[in-house]
Amino acid sequence: MLPRLYRSVAVGLPRAIRAKSTPLRLCIQACSSSDSLKPQHPSLTFSDDNSRTRGWKVMGTLIGLGAVLAYHDHRCRASQESPRIYSKEDVRSHNNLKTGVWVTLGSEVFDVTKFVDLHPGGQSKLMLAAGGPLEPFWALYAVHNQPHVRELLAEYKIGELNPEDRMSPPLEASDPYSNDPMRHPALRINSQRPFNAEPPPELLTESYITPNPIFFTRNHLPVPNLDPDTYRLHVVGAPGGQSLSLSLDDLHKFPKHEVTVTLQCAGNRRSEMNKVKEVKGLEWRTGAISTARWAGARLCDVLAQAGHRLRETEAHVCFEGLDSDPTGTAYGASIPLARAMDPQAEVLLAYEMNGQPLPRDHGFPVRVVVPGVVGARHVKWLGRVSVESEESYSHWQRRDYKGFSPSVDWDTVDFDLAPSIQELPIQSAITQPQDGTTVESGEVIIKGYAWSGGGRAVIRVDVSMDGGLTWQEAELEGEEQHPRKAWAWRIWQLKAHVPAEQKELNIICKAVDDSYNVQPDTVAPIWNLRGVLSNAWHRVHVQVVP
């Protein structure tokens, strides 16, 4: 009787529960031998008189447990059959530990709040995706796209994304920015229209080469959508030479040249100048700088084919982009002809970025890359090149991107008196830890970047943990570069011991290049009304916890 009753209960339980429930499995083992009432464990001792009573108790327990587990399985199946539906706004509102941390993957919604502290890459990395999709971050870190990671994530599923939110909303045709490309959600946006954004510090120095999706973006106008098949680059010929109209295929016929170059916006770290006195410009933090491997035709080769040669008199190569405002005014800039014609300067008409065609935000199909020179001269969506006796008359060459004395204000400024920024000064910044965060005592890792314009190599980065009283030399990482052709940054790192009794750290970094240029210690003496050339010692204040 009892064995038959047990078997009927066990068969009635869901197969998955019978296999996975440890308590139930032990009960099954205790009652499924040929002598079903024979004790299977020393603690289970039945006398002949009460064995039947005890057996019924075991069966009662089994029946109750089976009912509970069967009901739980029913609820799980019902939940799977009818998942809760959440809107994109629901997910977006859960973007911190107080509200809960929700993310999406495909059509599924997950509450990963309890996993944040367990994330192998650290809490800060996972929080970058809080309130949004995981796909852009998994694209950066392919290690996530593994079956066991998806199985782990499945434990945190809470529902499905509303089907209406799985499609991008329609764009207004009259909006000049309606055709802008999609951007990576990790980017910190400083301006939506035109789009300007920087990668967060914790991602910026994760790798020597900045992944294309998180390369800082500096746009002045709407992003043009150019057809590579009909694209033409117009190069004005020299007197007696021949003007060129080059297709993308024509550019590919020139010898391909590759070079690793760091681009930095003139306004990088402008936010620190704004704390001293208000400036005009985007609130760039430390991320208006990135590094890529660029490939394309050398500008000197293209100019030579158009009949251009070095001149004894001053001359400038002027660039005009295909991005324009409603009046038809395009972005423009220029560099000295001497730099453009020097093969060692490695100026490119680039059509590849990190082995891929240029992304639209970064100048597709062709942009200028001028190693060692401020990002403002790296004209994107290049449409026209000419050689002139004077620099470009573009607003961004003549009336912007110039440095001034701290005494100059908007009532006294004269842009004609200041030269246009070309090469940038020595620069460094701390990317880990971030200002206002906490670190644990013991070994602390300090990370950052350093770079200098004009091909000058970074030879040293000094780091202080106590506000400048004492200094330690950081370890430099990155490619070895030729003298006077150090076009790319150095990533640096310092491992420092912090005693348990330490309460706070005032971390500072400063870099030195091979001309022994060093960063100024404070912002005030280099303040200027446009907030450019901000390269004072970078300072980070953190609390220490045991």
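Residue positions begin at 1 at the first shown residue.
Just so it is clear, glycine is given a Cβ too, placed from its N, Cα and C backbone atoms.
Annotated features, as they stand in Swiss-Prot:
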TRANSIT   1-80  transit peptide
DOMAIN    83-162  domain 'Cytochrome b5 heme-binding'
BINDING   H119, H144, Q146, H148  heme b binding site
MOD_RES   S124  phosphoserine
REGION    166-175  region 'Hinge'
REGION    176-402  region 'Moco domain'
BINDING   F216, T217, R218, N219, H220, C265, D323, H362, R367, H378, V379, K380  Mo-molybdopterin binding site
REGION    403-539  region 'Homodimerization'
Query raised in the report: What is the number of residues in the domain 'Cytochrome b5 heme-binding' (83-162) that are helix, strand and coil, as DSSP sees it?
Result: 33 helix, 21 strand, 26 coil
Requested in this report: For the region 'Homodimerization' (403-539), give the DSSP counts of helix residues, strand residues and coil residues.
Outcome: 6 helix, 55 strand, 76 coil
**Report entry** Arithmetic mean of per-residue pLDDT over the domain 'Cytochrome b5 heme-binding' (83-162)
**Finding:** 89
Query - Other C-beta atoms that fall within 10 angstroms of the C-beta of H220 (Mo-molybdopterin binding site) - result: 17
Report summary line: DSSP, reduced to three states, assigns F216 (Mo-molybdopterin binding site) to coil
**Report entry** Most Cβ neighbours inside 10 Å, all chains, among the binding-site residues H148, R367
**Finding:** R367
Query raised in the report: Out of H119, S124, H148, which of these recorded positions is nearest R218 (Mo-molybdopterin binding site) by C-alpha distance?
Result: S124
Query - For H144 (heme b binding site), the number of other Cβ atoms found within 10 Å of its own Cβ - result: 16
Query raised in the report: Which of the three DSSP states, helix, strand or coil, fits R367 (Mo-molybdopterin binding site)?
Result: strand
Query raised in the report: From the Cα of the residue listed as 'phosphoserine' across to the Cα of D323 (Mo-molybdopterin binding site), what is the distance in angstrom?
Result: 36
Query raised in the report: So which of the recorded positions is most packed in, judged by how many other Cβ atoms lie within 10 Å of its Cβ, out of H119, S124, Q146, R218?
Result: R218
Report task. For each of the binding-site residues (F216, V379), count the other CB atoms lying within 10 A of its CB, then report the residue with the highest count. Result -> V379
Report summary line: Rounding to whole Å, the Cα atoms of R367 (Mo-molybdopterin binding site) and H144 (heme b binding site) are apart by 33
